[in-house]
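Participant: Annotation comment: Swiss-Prot describes 51-94 as region 'CM1 motif', evidence class similarity to another entry. The region 'Interaction with NCKAP5L' feature in Swiss-Prot is assigned to 58-196; the stated evidence is similarity to another entry. The feature phosphoserine is assigned by Swiss-Prot to Ser547, Ser1238, Ser1490, Ser1663, Ser1666, Ser1893. Residues annotated as region 'Interaction with MAPRE1' in Swiss-Prot: 926-1208. Here Swiss-Prot flags Thr1001 as phosphothreonine, drawing on similarity to another entry. Per Swiss-Prot, the feature region 'Disordered' maps to 1015-1071, 1347-1381, 1467-1486, 1500-1521, 1675-1706, 1752-1774, 1874-1893. Per Swiss-Prot, region 'Interaction with PCNT and AKAP9' is recorded for 1196-1893, and the stated evidence type is similarity to another entry. The compositional bias 'Basic and acidic residues' annotation in Swiss-Prot covers 1469-1486, 1500-1519. Feature annotation from Swiss-Prot assigns region 'Interaction with CDK5R1' to 1726-1768; the stated evidence is similarity to another entry. According to Swiss-Prot, the compositional bias 'Polar residues' annotation covers 1753-1766, 1884-1893.
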Amino acid sequence: MMDSVLEEDVTVPGTLSGCSGLVPSVPDDLDGINPNAGLGNGVLPNVSEETVSPTRARNMKDFENQITELKKENFNLKLRIYFLEERMQQEFHGPTEHIYKTNIELKVEVESLKRELQEREQLLIKASKAVESLAEAGGSEIQRVKEDARKKVQQVEDLLTKRILLLEKDVTAAQAELEKAFAGTETEKALRLRLESKLSEMKKMHEGDLAMALVLDEKDRLIEELKLSLKSKEALIQCLKEEKSQMASPDENVSSGELRGLCAAPREEKXRETEAAQMEHQKERNSFEERIQALEEDLREKEREIATEKKNSLKRDKAIQGLTMALKSKEKXVEELNSEIEKLXAAFAKAREALQKAQTQEFQGSEDYETALSGKEALSAALRSQNLTKSTENHRLRRSIKKITQELSDLQQERERLEKDLEEAHREKSKGDCTIRDLRNEVEKLRNEVNEREKAMENRYKSLLSESNKKLHNQEQVVKHLTESTNQKDVLLQKFNEKDLEVIQQNHYLMAAEDLELRSESLITEKCSSQQPPGSKTIFSKEKKQSSDYEELIQVLKKEQDIYTHLVKSLQESDSINNLQAELNNIFALRKQLEQDVLSYQNLRKTLEEQISXIRRREEESFSLYSDQTSYLSICLEENNRFQVEHFSQEELKKKVSDLIQLVKELYTDNQHLKKTIFDLSCMGFQGNGFPDRLASTEQTELLASKEDEDTIKIGEDDEINFLSDEHLQQSNEIMKDLSKGGCKNGYLRHTESKISDCDGAHAPGCLEEGAFINLLAPLFNEKATLLLESRPDLLKVVRELLLGQLFLTEQEVSGEHLDGKTEKTPKQKGELVHFVQTNSFSKPHDELKLSCEAQLVKAGEVPKVGLKDASVQTVATEGDLLRFKHEATREAWEEKPINTALSAEHRPENLHGVPGWQAALLSLPGVTNREAKKSRLPILIKPSRSLGNMYRLPATQEVVTQLQSQILELQGELKEFKTCNKQLHQKLILAEAVMEGRPTPDKTLLNAQPPVGAAYQDSPGEQKGIKTTSSVWRDKEMDSDQQTSYEIDSEICPPDDLASLPSCKENPEDVLSPTSVATYLSSKSQPSAKVSVMGTDQSESINTSNETEYLKQKIHDLETELEAYQNFIFQLQKHSQCSEAIITVLCGTEGAQDGLSKPKSGSDGEEMTFSSLHQVRYVKHVKILGPLAPEMIDSRVLENLKQQLEEQEYKLQKEQNLNMQLFSEIHNLQNKFRDLSPPRYDSLVQSQARELSLQRQQIKDGHGICVISRQHMNTMIKAFEELLQASDVDYCVAEGFQEQLNQCAELLEKLEKLFLNGKSVGVEMNTQIELMERIEEDNLTYQHLLPESPEPSASHALSDYETSEKSFFSQDQKQDNETEKTSVMVNNFSQDLLMEHIQEIRTLRKRLEESIKTNEKLRKQLERQGSEFDQGSTNIFASGSELHSSLTSEIHFLRKQNQALNAMLIKGSRDKQKENDKLRESLSRKTVSLEHLQREYASVKEENERLQKEGSEKERHNQQLIQEVRCSGQELSRVQEEVKLRQQLLSQNDKLLQSLRVELKAYEKLDEEHRRLREASGEGWKGQDPFRDLHSLLMEIQALRLQLERSIETSSTLQGRLEEQLARGAEKAQEGALTLAVQAVSIPEVPLQLDKHDGDKYPMESDNSFDLFDSSQAVTPKSVSETPPLSGNDTDSLSCDSGSSATSTPCVSRLVTGHHLWASKNGRHVLGLIEDYEALLKQISQGQRLLAEMDVQTQEAPSSTSQELGTKGPHPAPLSKFVSSVSTAKLTLEEAYRRLKLLWRVSLPEDGQCPLHCEQIGEMKAEVTKLHKKLFEQEKKLQNTMKLLQLSKRQEKVIFDQLVVTHKILRKARGNLELRPGGSHPGTCSPSRPGS
């Protein structure tokens, strides 16, 4: 067993030993923890040699101590085991069994002891835990008690200190008060002394005053005595006076003068004496009184002073008493506080004692516990020492080593963790640097983003500029294309003109005879027609111009509105400055144009007022001629005949008569051809798809109207009219084709211009004029029309020329009575008209028509005066009267009278054929002709030229007249026959038309009867469709550039194209029109075209009233229901199709113009047809005939007669005009009754009703087509909306709402389409849509003012106006819808207000419409009643006189209506402008919001930059702090190194001194030995010498060395103290460099004293050198410090210290601190130092050289060794001592030189004045800082630039807003000027004019 134990022991490593001595060797813990407590559990005890508390963490030293103790115990245990084994082997050499037994027993005991030990260890662990818990509890309680006691003591101390402070303050205050009080008492004492002295003086004075008072009393007594004497004397005087009076009473006879003289002398003497005495007394008295008063005042003042002094002294006494009381109270309080402080101090001492006692008790308890523990440990140690079990000890040691290794690993982990923390700190620092870099990168990114934004803005502006340039380029190309096409057309027209001139020259001679025949009849009619005023034509043309100016003004307003909408869009889309500038330019141009329009309007108004006043003066003169005017043709042809009269002789006129006979024959063939065409028309059954052009429909309806009107006359004359109308239709269709292909709107105008310039010449006007007409016709012929038209122009011209000749003959016979006053006015009127045309040409510079008129005026300036005026009138007439012949048949019907039927029948065809060129030209251009026809229906014929002043001077004979009259009568008879045939044919045509209109489902254009030329068009329907589509597309393109002209072309003649081309649009919409153009096409063209066709039919229907009122009412009701359904559809569109606003907003500008144009046209047509067609025709014809009479024919007598008649007629006219308004309704009813009496009227009414039915069906079809197209448009819009939703991020709810609304709109359109197809009544939907209808009614009523409100028109006419107003409202309603949608998208608040406004307007308009319908019905009933009361015979007589009144009243009424309509439109325009301004304001507000947002962003960026700057500055400060810390640490290190070096130097110095002392002692010993030898050798030889001299020198050297040693020790101690002080003050010196100078001043003077002390007298040269050095350094250091800033206090300290230490020959290093010596460098190639040090070094070197030379000499003089041996040894000691002294001095000089060298230091020369080490870092930092500053500066610059741009855009928006305000003001002025017009055109100043609009 022992072997096994030993073997186990062998396995233990050598570092471990036995554990037998482990437990006793471990000392006990203070807290009583048993070190064995953890051993039983395998835990290493926590106790090292030092007493370690269990809670404290152990460090490596504890573990090492423990390991060493364990090793020692292990070794001891091993030794004990070895000795015990040896002892056991010695004892037990016997049998081993006993040993085994004892061993087994011992093992058993050991096991039992182990168990006991474990139990005890567990008990000990429990006890130790209990003790620990108790100790912790007691310790925590003791700590808490201590803390409470400490807190209380602290509180008490604080309170006491506060009280003490307060008391000290109070004491100081009280002392101050006491001092003040003492000072006050002293001052009071002084004052009292003064007062007492003053009182004594006052008393003395008072005694003097008493004496004075006695004197005064005496004087007062004297004064009183004097007063008494005075009184007595006065009494005497009184007595004397009484005596005198008594004496005077008895002696009355004595003279009064004597008595007075006697009394006066004594009285004066007495009075003088008394006065003198009184004065003296008074003066004395006054002086005494003054002195008394002064004395009294002095007394009072002194008494007051004494009283105040007494009061002050009392106060002071009281204050002193109060202060003493306060002092006593304060002293008491101080004593109390002192007692409290003593008590508290005693309590504090007791508490301390208690604490100490508790601590001592605790320590005693712990000591007892420790003693118990030590006893237990001693027992356990004894047990262990007895048992000596190796295995358990080894296992425990192993466990403990494992624990130690674990703890070591834990410590290493902690160390690693700390290292990681350090690394993390470094990483955080690097992260901070990274964040700085990131911030810099972000700044750079921001700058790049700003640059990118600027580049994007620049690219955007460039793209916008390029787009605008492209648009301009495209427009220029379009303009070039148009000009090229116009040039081509000009070339073609010139060719045709040449051909026409040839044809005219061939046919010219055939027409002379017929002109002679027609001249007689024209002369007959001339007698009657010469009384018409000449100015009416110009008036009418001026009225047309005025109305056209109204239209232009409206168009300008609409254009400006479009520009405003475009401006709003551009503001919303982009902030481009170029767009804004362009919009500004547009606004300026509009403003200028508007100002010009206003000026032209004012001039126009002036001229109109003058013309109206002139016409008013002439109107009365023409009344007498109305009964004589019989023939319409005689009026129409007189002017034109004048042109040819001056060029033809009588033979030529006879030839023209024969030509006229030939013409009648040809007319017969034409009549036959017309029969054939009517038969073909009726046989065809109208199987075609509809006529391709609505031009035919408009012409045909007017043709039918003319035929109906002619049925009332008993003669047949319609064959020529129909033929002429057919010609017109064919020609107009051809010119329409030509226009649509060429794209030229004003081709016709060029022809008129050339014609007028030719006609103005005087060479051959007839031929040129005819050539111009033929030239107009020539390019318009197609292949199938040429056969019909080849013979017609020549024949028609022959007829016209014959009639002109007859007119000339008749005019020669006309009396000149009525000519003078009328021709006199023509030049003035013509001149005014010229001015009017010029102003209008300026008012619309883009209108080519006006420009052509202006060009004609310029050309006409070359001809004579009359020609100029004629040409000016003519150019205006070209615009105003182009379609007169189209409606002449209608006028003829009203002009026919039973008296002159034969003559009129004979002349009518000739008239119609007399101007074929004009008719063809007028109908050839659809836009101009139909527009002007709509403008004015007055049949004013255009004159070829009026420069014909000599044409009336040709001779004429009576024979020619009679011949011509007979021939004319024959021709009239033939014409009667032809007209009867024509009437029959006409009736057949009406029946065919009725059959056509009666079809159940008529085609779209069935209502337009096909003319005779229609067959030609049926052959090529595809070509016509192509023409029409191209024309419609061309119109869409031209709509923006020239709205007025293109609109008039579209809406009056061309709109039939639009619906006709709809099928092609449906089939192939991409080829023809885009969706936008389809919408534009629908809204702007289709509805007005329908309206125009309605107007064409209603012109005839308005006259044909009958008693079928119930039927008409039913029709009106049906139409209203259909219209309401249509309005519901419109409202649904208005409500739901918000997405279509972008497509429909394009139409806003044109629709208003269309509405404004269309409605006055409808009103004018109706009124003109109703009132003034017949009368105005004749009236105007007379004006035109009489206008151009030459002024040479005016007679002075006739002029006087005319003046008288004018005055009379003006008076009568004034009276009649006052009665006009009263007679208005009666005249109209009578006139309608006259028309209704003829039987064919009722047939025509039936036909008109059938026509209305067909028209309604057509309208339903049109509505169906519109619904189909709008539904398709809605489908495309829904698809586009879905794509937009996919493309953009839109709110889902909003998108869903929009999609639902669009779907509802599409469903409504489908329902409406089905209703149009099925024809069901819409009344079912009315209940659910009453609210919608109210809104539509209000919208209708907004345009009620444009409807004719006059009570004259019949119900059918009112109905047609109602329909047209509804259709025009559709476009206007779309406009309003678009505007409301726009505003609802932009500003949602506007939608509600607009909705309410629309509802109110619709309601009011609906009410007014119903009232107008009721008044129309009442008027119809009145017409029917009054029609039965008059017979036919009186109608014709009465009508001639009544129609003037009716025309006047109708014109007045119409002008009023027109003014109201224009005012309303202006109000609406201003309202629209206000809305646009509001939108602009909103856009401005949005811009300001965006500006503020940008400013906020700018502020945030600025704050970010400031924050970055602050962070950068903070980082810089942090870096500087770190640099300073590094410097400080470097300085500290250098100081420590220098201290170590100094100590080493001191040690080396001491060693050297010791060595030198030892050498000297050895030398001394050798000398002693030599002396002894010498003494021994020769006892007498040394006596003669002085051996003590050498000893004395050695002793002196030793003493000097000792002194030097002592002084070096002193200097080392002082240096050590100074080094410690410097180390203590090192941080302060690093921060405060100012102290270094003081240290320098202190440190430098110390060393010379030390040098003086320890150098002594032995080395005077050394001391002198050192003094020189330090004196020079003293003198120079301040200068060097001031001159060279790198030298600091530390350096000077190092110099002084080194110089101090160098006195002891210590090598010194100059201390150079970084940061102060910027030039110092270890690797420097230069040396820097003071010049004094350098000079001292040179001195030392020279001294050393001298010493070495002396030593060299001594060594040479020394005797050789042989001489020494020989015995010559006497003189040796002296040279040896000198050599030793020279060696020592050489050493000292070398050391001093070394020290001087150490004072210099190595430097590197400065590079550009900067330190290469430190300044590079500073330079880098500065460079980074400057970079950051530059970046910030650039960013601020960019932000400022953006701010400037924003401010500039804001200013531009302000400028735009100001311009808009200015334009708004101008519009207001224009509206005011327009509102002035109704006041000027009151009934008394109006004329029967017909302005067209």
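Including glycine, each Cβ sits where the backbone N, Cα and C put it.
Bear in mind that the values here come from a model prediction, so they are computed numbers and not experimental data.
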Participant: What residues in the same chain, six or more past the boundaries of the compositional bias 'Basic and acidic residues' (1500-1519), come closer than 8 Å to it by Cβ-Cβ distance?
Facilitator: 432, 436, 439, 443, 446, 1821, 1825, 1828, 1832, 1835-1836, 1839
Participant: Counting only other Cβ atoms and using a 10 Å cut-off, which of the modified residues Ser547, Ser1490 scores lowest?
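Facilitator: Minimum Cβ neighbour count within 10 Å, taken over the modified residues Ser547, Ser1490, occurs at Ser1490.
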Participant: For the region 'Interaction with CDK5R1' (1726-1768), what's the model's average pLDDT?
Facilitator: 76
Participant: Please report the DSSP secondary structure of Ser547 (phosphoserine), reduced to three states.
Facilitator: helix
Participant: Would you mind reading off the Cα separation of Ser1490 (phosphoserine) from Ser547 (phosphoserine), to the nearest angstrom?
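Facilitator: With the alpha carbons as reference points, the distance is 47 Å.
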Participant: Can you count helix, strand and coil residues in the region 'Disordered' (1467-1486) using DSSP?
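Facilitator: Split by secondary structure, the region 'Disordered' (1467-1486) comes out as 20 helix, 0 strand, 0 coil.
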Participant: Mind checking how the region 'Interaction with NCKAP5L' (58-196) divides into helix, strand and coil residues in DSSP?
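Facilitator: When I sort the residues of the region 'Interaction with NCKAP5L' (58-196) into the three classes, I find 133 helix, 0 strand, 6 coil.
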Participant: Just give the helix, strand and coil counts over the compositional bias 'Basic and acidic residues' (1500-1519), going by DSSP.
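Facilitator: Computed counts for the compositional bias 'Basic and acidic residues' (1500-1519) are 20 helix, 0 strand, 0 coil.
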